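Scroll down for the structure; my scribbles are underneath it.
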Amino acid sequence: MEPQDPVKREGRLTPVIVLATLIAAFGSSFQYGYNVATINSPSEFMKDFYNYTYYDRVGEYMNEFYLTLLWSVTVSMFPFGGFLGSLMVGPLVNNLGRKGTLLFNNIFSIVPALLMGFSDLAKSFEMIIVARVLVGICAGLSSNVVPMYLGELAPKNWRGALGVVPQLFITIGILVAQIFGLRSLLANEEGWPILLGLTGIPAVLQLLFLPFFPESPRYLLIQKKDEEAAKRALRRLRGWHDVDAEIEEILEEDRAEKAAGFISVLKLFKMRSLRWQVISIIVLMAGQQLSGVNAIYYYADQIYLSAGVKEDDVQYVTAGTGAVNVLITVCAIFVVELMGRRFLLLLGFSVCFTACCVLTGALAMQDVISWMPYVSIACVISYVIGHALGPSPIPALLVTEIFLQSSRPAAYMVAGTVHWLSNFTVGLVFPFIQVGLGAYSFVIFAVICFLTTVYIFLIIPETKSKTFIEINQIFIKMNKVPGVHPEKEELKEFPPSTARQ
């Protein structure tokens, strides 16, 4: 009898996959969202703390410029730390593994939680600034490693849904920070150190529970060359014993890029066979951050006030906007495998483009037409919905899908660097743009949304329900690499003698 091919099955959601996803996302992605929003509500109390601490040391209060500068540094240290964390992704995931990196990353959450929690007792605002760098590093690592880890755990028919879960927990983190940051809870003179210090709790829980779950089978098989460990991991993840078909698929990926070996960031940019993949992640990550999402939130309070919302009630409306963000991200989990990644990106950026255009007109005319502030509120909510559907969750998922194992860590380093530098740039530049252009500042974001939509329409293929090899073959045709067999797509860059080995 001829040997039969291994039986391929549709993957399913097992308790192991669900729990590993929830623990990784809560322990890591949640903190990213929490620390994005946690210093917004208590900012005035924290500035007072900075001032009183300075007075206790030198006998006089800070001038307005120095206080503003110190606060700007405090805020900007988070994206700066995120940038540093992105640079650490490649070395850590290659040496410690995906799960190992997430466990190591908890250091960058627990230590700053203690620093921020005890900063008031220690009378040191420097502890807060250092802590913001450290939680930024935590966010920079988690925003790249969690999607990579979950993407490599998931069966292909669930990869999209699980790939959106990290973004869901980011939005939940933002919402929880907004709720805890209500003035009646922790955004007050006594409560703000507790509000900042709570970020360490998810890290402690992840440190306790994640060790009981499998490492990425792809990492174990391709990089550690441990087939038995990979089989054990797959059996736990899939819930059945016969995993030979999936092992063979992973080995096929390994053979397809064996000659490539370790791919650095520099090598990533030089490889012709990865040209459109690299350009795509740069465009998507830059488009995600430069599309105006942070500016919308920055402007939201002013828009709510202009519509007649009382100043004390703005915090509740802001939390309501955060709840909408969570709800739509939950919807994205259920529709990403039905509608596909490409459709959600096109829909999301198109909604953001339309919202920015209408918001520009509404802000320009709100002093002339009485009901225009309500149009502005509708635009803010529409923008949040559009961004939560595609631009927020999908780019990180696509980085996992359009790169193979050897190039994935370097790709995440590039994606993370673009993400955090773009985030930092918007935070630094937007206040000046807003002063100079006023309502018309959103025209810039509308243009970026439009250009990103055009790029997605022309270049980005649909990746749902495809294996990593199948997706890579699509890009091989786009990159027009001559004479490369579909299973040797990344070998064009190497001498023939090497490729034949």
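Cβ atoms here come from the backbone N, Cα and C positions, even for glycine.
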Tell me if Asn95 and Ala396 end up on the same side of the membrane in Swiss-Prot. yes
For which of Asn51, Asn423 does Swiss-Prot record the feature N-linked glycosylation site? Asn51
Of the listed stretches (127-149, 162-182, 278-298, 314-334, 413-433), which one yields the highest count of Cβ-Cβ distances below 8 Å with the transmembrane segment (343-363)? 278-298
For His387 (D-fructose binding site), the nonlocal same-chain Cβ neighbours (under 8 Å, six or more residues apart) come out as Ser291, Val293, Gly348, Val351, Cys352
Answer key: the stretch among 99-119, 162-182, 193-213, 314-334 with most Cβ pairs under 8 A to the transmembrane segment (19-39) is 162-182
Between Gln288 (D-fructose binding site) and Asn51 (N-linked glycosylation site), what is the CA-CA distance rounded to a whole number of Å? 36
Recorded positions considered: Asn51, Gln288; fewest surrounding Cβ atoms within 10 Å belongs to Asn51
Go through Tyr32, Tyr297, Trp420, the listed binding-site residues, and name the one with the sparsest Cβ surroundings, counting other Cβ atoms within 10 Å. Tyr297
Counting Cβ pairs under 8 Å to the transmembrane segment (372-394), which of 99-119, 127-149, 278-298, 413-433, 440-460 comes out on top? 278-298
Reported as an integer number of Å, what is the Cα distance between Tyr32 (D-fructose binding site) and Asn51 (N-linked glycosylation site)? 28
